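Feature annotations, courtesy of TrEMBL:
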{"type": "TRANSMEM", "residues": "16-35", "note": "transmembrane segment"}
{"type": "DOMAIN", "residues": "20-306", "note": "domain 'Sugar phosphate transporter'"}
{"type": "TRANSMEM", "residues": "47-72", "note": "transmembrane segment"}
{"type": "TRANSMEM", "residues": "84-102", "note": "transmembrane segment"}
{"type": "TRANSMEM", "residues": "108-130", "note": "transmembrane segment"}
{"type": "TRANSMEM", "residues": "142-159", "note": "transmembrane segment"}
{"type": "TRANSMEM", "residues": "165-189", "note": "transmembrane segment"}
{"type": "TRANSMEM", "residues": "201-219", "note": "transmembrane segment"}
{"type": "TRANSMEM", "residues": "231-255", "note": "transmembrane segment"}
{"type": "TRANSMEM", "residues": "289-306", "note": "transmembrane segment"}
{"type": "REGION", "residues": "324-349", "note": "region 'Disordered'"}
């Protein structure tokens, strides 16, 4: 085949690889959510200890991240002073611990499908907290879009057959803490030029999470676990569950690194619809028409938000390229003028 053919093969290969990364991420994200639900739900595995489960995940992920960075040197560590670690990473670790604790707790009270519907509020929370911390500017059209997403989620909640107020409070709290964490990453890390991929993030953040979760665990879950003498730690269940959680972080690393954050957002929407279908067909959760109508409205709002973000990003990139082109043209003009002046001086000499 000629050069054109090989280029075509390369493009096809790249597209197929992108789809493979998306499929792996969807599968692992899907597996972790359903697996966590299985372990925590009182009608399934019946081990309702979300703090303990999160601590198992954090210790497992921190250990593997340490091995990948320090022993096998697969990923380069990020240079970070103790002051930066304490002032930037530790607060993010605290927010992550709270987000994971509350989101895992919600699985005890709510269906998988309804949790995914409530998670559609994430852009609303990120935008609102961004305005609060002056990282986002207030725009009327964006706020109207945020209200449409919230309205859609409210309709989905109204149509929920197994509505549990405490479960909803836990999930909304998880969304709020996760949104705050994402904004804090921009303020505390990105602004300082520190970029953490999912592996280095686990290396620095997971130990913090473990320590922060240790305090509530001692008072909330440890006394109950001591009384549960019949429980024996199942290494197969918790080992494979933790491995899936770590593999999901690796998949995020691959997906964002090889495609884009927008691809991950689109893949996330596909995953949410698959989880709702799975929750209804396999777990036999009740999904009502009002549920679907409300989530459909929220979904359209999220899709429009992602589209707007993409357009803004494209405009920013185009502006950056124009500025670079202008700078390059100015530099060339200066060089030509310099050369002309040198020739003029030589001719006069």
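A Cβ is built for glycine as well, from the same backbone N, Cα and C atoms used for every other residue.
TrEMBL annotations: computationally assigned, not manually curated.
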**Item:** Segment proximity, the transmembrane segment (47-72) to the transmembrane segment (165-189), 3 or more C-beta pairs under 8 Å
**Value:** no
Confidence over the domain 'Sugar phosphate transporter' (20-306), expressed as mean pLDDT on the 0 to 100 scale, is 91
